[in-house]
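Report on the structure given below.
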């Protein structure tokens, strides 16, 4: 165990990170700086301050930041420009928040002269990787303390015993009634553990916290108009909004209509399969709408190249490589492709369905004169197709003829 | 115009191909063989025989084949093993039927000693390419007659006038009441033209023929269990079915629940964007379910490699390269990946939603012992993660340090 | 044949394009503007002016431009940043020049108010595609005249007869003694046709014009130091040079040492295989050296991503899509990767061999402390590797265990 | 340190693995089985038997196998079917041998009832990963002992001291005079360490053991004819040979002509860059020749798909994933592509150069009638190219027109 002087802890104020806080003080005998971020998880942050003070953290060592706008503007939106989905289904809600936490934690380490950082992610999951790859990329000599990989408090009972022994407040958080392992931010809320550990079992309805079921959603569809500028939504129904406002509003409307639930078995970076459930109401709408605006504004081959690279880009985010040069390099290309992705998309939301009902853009590449089934007045010469097909077929014809020899 | 002796026409019995039949007789002065296939489009075929006879085709020159099982078994199912989607949305319903038509047409050309083939696809669309690439790949010296690229009957009025002049029956087909340009087979039905030529406009509800709207779908969800063997569905709710039966039954259930509608602007191979609407009820269920069974039976890297190659595979099918060696080569790999893709998937269908509620397999790679949030009894050593992260971060740490110099 | 007012012809001054010039005047009865470029093909351009004047082209309609610097700076160098090779071997010497010709031709059309452009490429080759895709991308309504696809002068005899009949000077160009179909620019010279049409036959030694054979090259090796800035060579042996000077000098040194000959069967975009021989002395050196400087300055995953995308990028250039948005999009990414690709590479040239003997950079990511086989004083913790391997193996271990059930 | 009963050690008979043998006996107090393989490294194996016996290994616990044919047939040849090169240069000579060693070691563990395996690779390199991923994939519960990651004998001095103290024979192996860290097998010999740790320094001539320098190579070129069947060489100059004989003979001829030296900075899987020098005479010839036979027998798009996937395939081998399902899946596809890759390639070898001078095949797709610059008698219709270009340009034309609005 190396010598640590000061450690910046990603501190939620919940039981786990409170125990970690105490454990760091006890085991590492070091000064602890707490960092609590609002990334839209829907919890008050002031209780975290109080708890930290109660555990002896000095006021100047308590950092509480509202990162919601930065989160959506610099992380969520760039990711959606790529139409990123992991394994065909997962919208990367947890994955995309970790790089921001890591970045801010390192900034605070630099501000406070800390030589170490710590987080509450377990040794089995992806989050430890996402946090730590971020730490190392941004501050290569930082020391990382991952208590879950070090201590022996590996069950809830031991954790509670430790908390009680050290006088840590164990009253549950607002959503603490849930037996699931959860993570929330402005993009999504996730559930793991418990009954979900059997992939054959359906989750219970009361697990879901952000959305109603499609059955409970309104019987009346709702129409929505999103305005895009360079790949990002800038207005909803004609009202200009900040990035975080956009996402918050889409979450609210989507959740109301039963949109964005996902039940998935995914492949973790550390090697095992795990089952997770996710609610991503706003993100589900964003993905559908972004594809729609791209469908009229992107060149075909640009769109196809994006589609072919998307799984790799999504995997980079899933596995924690946001700060890696290859992710940045791909982002450069993706962002360049969005130059013309402006316009409006009209959607209909109804009981879990997001239905595109219209797209329009001054930058549209849809040319009705050419596409029409009616007489196009010579805009397109049908005879050209014969040569097009003939030359595209040539290599196969030669091969078939030679096969006949 | 080259000399043609005998031509095999893909003949639906509808107005367009009836005019083509006559036009071929008139212009090319050649013997015409008609080929009409049942690929699940839901029309009777005997009227086509009658019409052909009426236009002077001899009985032995009329071919009417039920290709439904071959279509699903050898075309649709292999494609779904790849989770193929074009441009993030389109399930390739039209694209996948063309190679089969082309293949059978060439077989008939070989049987009857015909030197030419003909089809009714226009010079602006993808289908001409799909047909003709198939023809050329399978019979490199065949002559291809594409009347829409040759004649001057480029409007509906001219077509009707020609038909009337030559005594062709112009009573409409069952679905002929639709003003849309349509295509149907066991996988889907498609709509183009008319109001759809403006991508900003929502299609009218009465355009859709195969599915009810989510609003009209039953208020009661329906559960469904699919059994997979090596990537293909072999049974529904415990009842073993043939491939065509599987798809027909899924279409029926899906359509009843408002599943599988799509409204899309897509990029055609011939260079323009076009707007199409599709109903693919069974296919939409198949895609979701196949991903679910793969999620517990496929290795992570195999799954990711499939995901990265999928857009290219889908593009090959969309653009008509089913019979090309690169499609076959990819198929070899995809099929090899499905060796272990067996098991059952439980789904819930409700008003447009296909919700996975369970997956199970004797070949499952999901290991509850390792994935658990509870104590795993040493199945997984959390400390391993530290080294894993450290080495994965090393290149970024070195770069960051050097950047600090 | 459409009405043409004024046409800009890519005019070399040789027999073929002189016949084309005359043919355009005769057949299209239009004003002809000639455009002759120096892209390093090693021919004097003034004879082209004289010939054009002699055929009645007015002085203000004759454009002769030295494009060598633009060619290397904006086309060759960006391409080499990608380590572009087509089909594992070809350095794209012809392909990369066409987009520049097309661009300048369109500029001249805009300057002179011409409504058409014309070139001397045949209907069987790639160059027609490269020229015309450029034309259409840069001036979508331009009319394109490709005489080889239109006229009946399809043999050398007919061409000569036409020339004689119309009083066109048929004395051969400097290299005109060669029976091969050739193309040259600052990057390479190519040979096609004649004995090369049998891929089993070795070309004769006297075909090669730019390089000596390895056998004839000096018995003494020569050392060379290239200095790179952001992926481009800026100095040779300490002497700062312009892009065109760099390439010219590398051609000279490389040719002297028998470097850069290639004998290849390649796949043309129009569908057939063709056999070509190439001399690319400077380019061969550049490719080897660029990989060497990248080897110490590029991040591993950035390098691998570049390697995986390179064949696609090279294919875009080969098939004429330089001006397409997907090529530009890839270029954005490639250029971004070159930010740190600066430093020096030392090479040894000897009888056809380009041998890297040293690389150095202030931006080097090579960390001798970590890479050393000697004691590294703790810079790298070997124990980390155990966890790294364990987690990377986990999915395979789980699968193997399940296979044992 | 876990309890070990019996361990199979990959034993070369050299100093390092002799010390490991002793150390395993001392530290783990377990029975040791030695496994020594002939994979063409060019050393006698009987001394290894003697040394093992001298260290108390019982005769039935000593395994000495000649794996040369299996190595070339099942590992080297399949890899060359893919034209695999890592980072544009490295022919994967070390990487490809490790999976075979791992496989045989596990077979011996199963035969002898051993519960552990051990190897002499260091904790900084790729080989530990390659060995251990193989072990875990083939026997998921095996225990792995990697002494270099466990002990404190981290310098040569300590190793020698340990050897002397325990009476281990420290006389050097035949090539033991070399100060470099080396690895050899039938595909290559590699050098690392010493002066090579500075990438700016040229290696000394006397480092190279397998090949003469180009300068010392014969002044007379040598011609060679390789016969291919389904992607593999089956005969040289008309003489049918086994796989290992093919490679041995190509090494001999190549080495004589100064072919196959490589000086490289590569990116290791464990995160750092390292400098290595390689001699791969036969492999260098094989790569060039395989591309040549593919150039006339492979379909264009198949070849391009192979090229795009090659870097990924090569990376899988480099990083040790030979036994992973994704490597096998890619191999399935690559092998399928080789069905038609049969014929002969003629090469000229001269002072480091491998020059293709002819290729021929009954399966050739090269069609001289179509490729010819002469009149082709209508085999190819040049007019087709106009339509081909027009439609390929259409999307760019539409975009350009819209840009003009």
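From the backbone N, Cα and C atoms, a Cβ is placed for every residue, glycine too.
What you are looking at is a predicted structure, and each value in this text was computed from that prediction instead of being measured.
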Select one of B:113, B:120, B:123: the residue that TrEMBL places in the ATP site alongside B:10, B:11, B:12, B:13, B:14, B:15, B:16, B:17, B:18, B:37. B:120
Where TrEMBL shows B:90, B:95, B:126, B:130, B:181, B:190, B:278 binding L-citrulline, which of B:197, B:266 is named for the same site? B:266
Can you tell which of B:12, B:95, B:181, B:190 has the least company, meaning the fewest other C-beta atoms within 10 angstroms of its C-beta, among these binding-site residues? B:181
Distance [Cα-Cα, Å, rounded] between residue B:90 (L-citrulline binding site) and residue B:122 (L-aspartate binding site): 21
Which value in Å gives the longest Cα to Cα span across the ATP site residues B:10, B:11, B:12, B:13, B:14, B:15, B:16, B:17, B:18, B:37, B:120 as recorded? 16
Which secondary structure state does DSSP assign to residue B:14 (ATP binding site), in the simple three-class scheme? coil
Under 8 Å by Cβ from residue B:126 (L-citrulline binding site), counting only residues of that chain that are 6 or more apart: B:94, B:95, B:268, B:269, B:270, B:318, B:319, B:320
List the residues in the vicinity of the L-aspartate site, defined as same-chain residues other than B:122, B:126, B:127 with C-beta within 8 angstroms of the site's C-beta centre. B:121, B:124, B:125, B:128, B:129, B:130, B:268, B:270
Among the binding-site residues B:127, B:130, B:190, B:278, report those whose Cα falls within 10 Å of that of residue B:120 (ATP binding site); none is a fine answer. B:127
Taking the domain 'Arginosuccinate synthase C-terminal' (B:180-398) alone, what is its mean pLDDT? 96
Sequence order please: the binding-site residues B:10, B:14, B:126, B:190, B:266 that have their Cβ under 8 Å from a chain A Cβ, otherwise just none. B:266
Helix, strand or coil by DSSP: which one applies to residue B:181 (L-citrulline binding site)? strand
Using a 10 Å radius on the Cβ of residue B:90 (L-citrulline binding site), the other Cβ atoms enclosed count 21
Run through the Cβ atoms and count how many others sit within 10 Å of the one on residue B:130 (L-citrulline binding site). 29
Measuring Cα to Cα, how many angstrom lie between residue B:127 (L-aspartate binding site) and residue B:10 (ATP binding site)? 12
